[in-house]
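What follows is a single structure, written as structure tokens, with notes after it.
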There are 2 protein chains.
Amino acid sequence: MEFSSKLLENAVNEMSQLPGIGKRTALRLMLHLLRQPKEQTSDLSKALSNMRNDIKLCKNCNNISDNDLCEICANPNRLEDIVCVVEDIRDVMAIENTSSFRGLYHVLGGKISPMDGIGPNDLNIQPLVKKVKSGKITELIFALGSTMEGDTTNFYIYKQIQEFKVKTSTIARGISVGNELEYTDEVTLGRSIINRIPFEASLKS
Amino acid sequence: MEFSSKLLENAVNEMSQLPGIGKRTALRLMLHLLRQPKEQTSDLSKALSNMRNDIKLCKNCNNISDNDLCEICANPNRLEDIVCVVEDIRDVMAIENTSSFRGLYHVLGGKISPMDGIGPNDLNIQPLVKKVKSGKITELIFALGSTMEGDTTNFYIYKQIQEFKVKTSTIARGISVGNELEYTDEVTLGRSIINRIPFEASLKS
């Protein structure tokens, strides 16, 4: 691509470094910005640099936050002894939306994935082990995605904390609410039969 | 969506104002930026505001440029009397890539589209009429997309300049190079038969 303007070329190049945005899309976005009032671009530009420079990670759970402690960890009404282990802030947001969890989170910042060169030391695992060791946690809920990487990460953490005799659980895998059996894949359906729950318990949830 | 950080929320909101980028995509992009070195975000942020604040439109052709005259208009080797009318800079880049045009461009900045509320006065049409009126142009090539809006715009400009007796042409519509007849739509195929060219002429291109 040959540009008639270095300024435009530079902006397109920077924008197309974002995942999923190619040069053509970036050019389309830049032409859109050029048609809009200057304020929109300056607002975007400021919001980006403010976010990157001023954002913090919660000292306790490693979640993205504006303060040293995130709103969830700072909330005195949350149960401090139940900790839900998640990959990133998107999972925290997804679980918070369900309003079915009253404990705290622990954000790993990723999953163990040798294919992507991510090992246990690249993740926020040691602080979690320390937390468990301190004895303040009664239950650890593994809430990573149901993938090979998620299962590996669960198992690695489990091995690290096994000796401390904390109760561990993992979120249930089974058929989605509203789904028909015939459209569910066999692994999921098989697991949902093996991990069946008492009918009385199902009435409560 | 509830965010644990106002800074992140603000950045996601600004980003999702760009066309084709929703809140989820914007969040994914922001989390990517947070994992990268701070320089990437500051480079992006600077490139955006520099582009929006310092970019110019060529005085002659209205193309995006870093200077008062764009590189094409400033090039003494281009033929000044042949002008190609296009919608925006992407079309200029596309035609320049073919290396088959040696004249100048005139960028309209859009097409007449009553559905989108774009009338002739919102486009860079009057300066084109003036240019034609001055008598320096011998041929005007209409190179807008082959759509209802493109045809309307062509016809509007044609009506405006008709009295000045300038030669006008429009880019050929026909089957794409490398295409089979059976996969070509009938309107295009019909036009390519009506507008057939001498076989000897086709040998040269």
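The count begins at 1 with the first shown residue.
In case you wondered, yes, glycine gets a Cβ from its N, Cα and C as well.
The zinc finger annotation in TrEMBL covers A:58-73. For the zinc finger (A:58-73), DSSP puts the residue distribution at 3 helix, 2 strand, 11 coil.
Per TrEMBL, the feature domain 'Toprim' maps to A:81-176. Taking the domain 'Toprim' (A:81-176) as a whole, pLDDT averages 91 in the prediction.
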Completion exercise
Helix, strand and coil residue totals from DSSP for the domain 'Toprim' (A:81-176) stand at 41 helix, 21 strand, 34 coil
